[in-house]
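Below: the structure, in structure tokens.
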Amino acid sequence: MLTKFETKSNRIKGLSFHSKRPWILASLHSGVIQLWDYRMGTLIDRFDEHDGPVRGVHFHKSQPLFVSEMTTRLKFGTTNCTGVCLHFLLGHLDYIRTVQFHHEYPWIVSASDDQTICIWNWQSRTCISVLTGHNHYVMCASFHPKEDLVASASLDQTVRVWDIGVLKKKTVSPADGTPRLSQMNTDLFGSIDAVVKYVLEGHDRGVNWASFHPTLPLIVSGADDRQVKLWRINDTKAWEVDTLRGHMNNVSCVLFHAKHDIIVSNSEGKSIRVWDVMKRTGIQTFRREHDRFWILAAHPEVNLLAAGHDSGMIVFKLERERPVFSVSGDTMFYAKDRFLRFFEFSTQRDVQVIPIRQPGSTSLNQGPRPLSYSPTENAVLVCSDVDGGSYELYVIPKDCFGRGDAAQEAKRGPGGSAVFIARNRFAVIDKSSNQVLVQNLKNEIVKKSALPIATDAIFYAGTGNLLCRAEDRVLIFDLQQRMVLGDLQIPFLKYVVWSNDMERVALLSKHTIVIASKSLVHQGTLHETIRVKSGAWDENGVFIYTTLNHIKYFLPNGDSGIIRTLDVPVYITKVFGNKIFYLDRDGKSNAIVIDATEYMFKLSLMRKRYDHVMNMIRSSQLVGQAMIAYLQQKRFPEVALYFGNIQTAVASAKEIDEKDHWYRLGVEALRQGNVGIVEYAYQRTKNFERLSFLYLITGNMDKLSKMLKIAEVKNDVMGQFHNALYLGDAREHVKTLENAGHLHLAYITASVHGLHDAAGRLAAEFGDDAPSLPEGKISSLLMPPTPILCGGDWPLLNVSRGIFQSGMDSVVSGAADEKEEEADEVDWGEDLDLADARNIENGDIAAVLEDEKVPEENEEVGGWDLEDLELPPEENTPRTNARTSAFVAPTPGMSVSQIWIQRSSLAAEHGAAGNFDTAMRLLIRQLGIKNVAPLRPMFLNLHAGSHTYLHAVSSALVISMAVERGWNESASPNIRGPPAFVFNFSQLEEKLKAGYRTTTAGKLSEALCLFLSILHTIPLTVVESRREADEVKELIIIVKEYVLGLKMELKRSEMRDDPVRQQELAAYFTHCNLQMPQLRLALLNAMTVSYKAKNLITAASFARRLLETNPTNETQAKPARQTLQAAERNMTDAAQLNYDFRNPFVVCGAMYVPIYRGQKDVTCPYCSSHFIPNVVGQLCNVCELSIVGADASGLLCSPQIR
């Protein structure tokens, strides 16, 4: 079993895979339905509307719908972002067991404890048929994947096959009217549209499950008699084929595999069994120690299975789907369908070579694993896990290519890993003696070499060299000299990919890629949150790799990025230019074209190929904020200016030609002060109001007058009014008000602005009703100031020539000729220095250049009266190029602090480097930390402790020097070590012991401070080994129990007026996982409090627990015995407590109430304290750092664990 995804939850009774997306629905016994992305391992959504256990759930094949049972109702809902319940289907009288959509028609079949099976039309939301005949609970019912049949299993010990052909015909071509008598018969005696075709009897007890074969006329059933039965059906009869025995308890579910001829069954005996359909024998058995299995589900398209058990579910495969291959130059050998195939990349010729004979085995997952090829001898080594590990050696004749039917006699031998190390030599590992056996093509041992470490696999590492893998490290071993050439500690290695020149190697783990040199000198590490599947080097030294859903790149400097998204996982075999060759899971070789511009641009920047950078800027569409931010981060701001080209945005907006894009372009151009483009964008969107205001603020009165005329033509009264107001044209203002019918306002405006003729004319129209103006008031005219100068584009910043303009010199000089030499004496356009463009504004520089005239060679320039000097003839002296003689400052190197940040995903190392921002981001992602205040002094101490400060001379600045951990004089200056830390694990152990002592001494406040200090220090502590990392995680659990208990005890001491609550808190304290001395004190304290409050039963339980610890101190044992004797005489409790010592529970860290087993709770992602669901999103009261219920990847405290 290859587990791909696993969850922890309450008992799961129903599972369903989505046919297209990587989703799975899980229905829980607690009434919750969870929607998981099993590829990313994330919970997408949860549905809490059910009142009781949910036993059945199913995805629709093509619609975004799923159906679930809700006691006696079917709940029919959507799987979109809202998760809305569309309808409830009512009809069953008892609990519903299973539900399923029909693959073609809008039907749902449901099985119920009311001994019936119902078929529903989910579009009309009605029950269209009721199937009766079982005389006990119907445990499951399912449609046939192709035919008009339904299979049902019941506790009446039968499996029934129903024919629903009449129902289908009735649905496809319904009659004009349904007789009322037929409907009455259906209600009284069951459906007449579905009849029993077969009744399969053979089980001795109730049948729990029955499933159809996807293609063959077979049915499999499982029952409480612990048997799995195989049935065959035809058009006239059905009979039992065989019985599969082996389960030790009730068989709860059984089904056929979608891709292979196998049966998978699970049982309440805590096991999953796999059976061969043809041989009818067991192949494999998978067991769990404590969990009973209840349900199985098979993916309809992919080789995936899922099983639900008492504490969650697992998504798994029965065998690997990764194709095995070996690439040599332009050719590749790979295994597919028990055949060895040959593929040529240049011609894409794919031929079958020879069949691969595998030893007979009844186990799964025994296909070929690694493949090794010797091109000179045309020999192939095929390894497998059969019989504990074996290999087969095939020497392929040249005439076999294209035939594929000539069976070759293979030379076999034991060994889990075998690779070619020379032309006619291969190495095989002997794990029992930890030796490498070097053998020739005759399969004869010619040499034996002991390995320096306990090795479980070997890989090719050059001629005569092996790369040996141990649990957490790899090394290169020279077989000739028998010496170690390189050693590197990495996570568990899965695949090795060498570059074409064998100078670098990519070491692929489950979630990590490590790049190293041929001597295993570390060069870079990349961590992925999802599985790394494959990788290959391109001809430029860039590592291209795939994950479950992406093709990505990894540059030599540590930068990475996404090339494209994948629908299904692929396995890269070769990279040629912008073409990637790959094998899919079916073993088919294909090619995909990618856009390599982004990573080639970054690679050219890294290698300082500035001519390539400039060419890519001009010829490609590398735009976007991400690329600009990358250039600014890498200290190339002058290149980033090319990507902020507003002219390119104008061209793009013309092609798109949508109003929203023009508006956004106008906003950005206004931010940059490019008035011309703002005006053009407003004109394209006909945004006349913004255009008028633009002319106002830039002082363009001519165009503002034109806007007034446009408003008159459009009969836009408000536009006329505003434009007249902007222009300060009082007559136009009065005219607009008069035409709009506001005569009184027109008269007042004319009078205030001194337009007596207009005011008199309007007064004559009013007669005696003319409005009166206030007397004694001095009027102030609403006149905008007259602009002195019309504003234009904002001036550009003058910048000096950068390295990229200098880099273009090499492009120009690369095509040098006589004309190019003449161009050195003038200011050529390609070498235009932006520092000379002082008076050029934000317009087009090309237009300015066209207006300027360059004087001809013989043309006189006026203003200077220069006389010819009589000088001797010019000697042939070498001419100096002014541009190349200029001093170019060297590129600053990378500081040690930056190296720490680049190499590590540990928050402590980022904090030591002084990059607190990224350190906190790591802590948020790993532990869900929100409260920064307790960590602030830790960060400052961490940074100060990893640096030292030197005084060179009294007048100079202080020099900061990074302090490296483990530095010595023999260390290479080019290899930087990790930072030195002020916090270490031994300090935490000392604090833990001090906390124990203060707790025993009764100094609870002091002890609480010590334990909290440990919790706050652990996120910034780094340990070296996996063992120490496990001890740190164990320390968190220990400390959080003490913090929780001490906080409850301090809370109890404050509650003098509530004796009941005091007893509860004292009782909860005894259920914290304390050390024995402190646990005895807590039990003694709780016993004393309960006895004083007359709760004798509770006090007796504490006394028994105290005596069970065998206390050596008589001052503790004697009161316990006396309390137990007193309580046995009067077993009563004076007050009822929220405390049941018989029912296991954990204590909520916020409300200090018990959370009994089976109740819903949430946990802190850091300290794993439990809380009631209402506390989700609040700060953890125990560690005082993290958010309760936040998603987090987990603590990372060791460079050995990624």
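Cβ atoms are placed via backbone N, Cα and C, with glycine included.
Automatic, uncurated: that is what TrEMBL annotation is.
Per TrEMBL, the feature domain 'COPA/B second beta-propeller' maps to 340-584.
Taking the domain 'COPA/B TPR' (619-751) as a whole, pLDDT averages 80 in the prediction. TrEMBL lists 619-751 with the feature domain 'COPA/B TPR'.
Sequence annotations record features per position, and here TrEMBL assigns domain 'Coatomer alpha subunit C-terminal' to 801-1200.
As annotated by TrEMBL, repeat 'WD' applies to 89-130 (among others).
According to TrEMBL, the repeat 'WD' annotation covers 131-164 (among others). With a cut-off of 8 Å between Cβ atoms, the residues of this chain six or more beyond the repeat 'WD' (131-164) that come close are 94, 97-98, 100, 102-103, 107, 109-113, 115-119, 189-191, 193-201, 203-212, 214-215, 219, 221, 223-224, 231, 233, 238.
If you look at the repeat 'WD' (200-241), the same-chain residues 6 or more away from its ends with a CB under 8 A from one of its CBs are 136-137, 139-140, 142, 144-146, 149, 151-161, 247-256, 258, 263, 265, 267, 269, 273, 275, 277, 280. The repeat 'WD' annotation in TrEMBL covers 200-241 (among others).
Secondary structure of the repeat 'WD' (244-285) per DSSP, as helix, strand and coil residue counts: 0 helix, 25 strand, 17 coil. The feature repeat 'WD' is assigned by TrEMBL to 244-285 (among others).
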Beyond the flanks of the repeat 'WD' (244-285) by 6 or more, those residues with Cβ under 8 Å of it:
1, 208-214, 218, 220-224, 226-230, 291-301, 303, 305, 307, 309, 318, 362-364
By DSSP, what is the split of the domain 'COPA/B TPR' (619-751) into helix, strand and coil residues?
107 helix, 0 strand, 26 coil
How many of the residues that make up the repeat 'WD' (200-241) does DSSP mark as helix, as strand and as coil?
0 helix, 25 strand, 17 coil
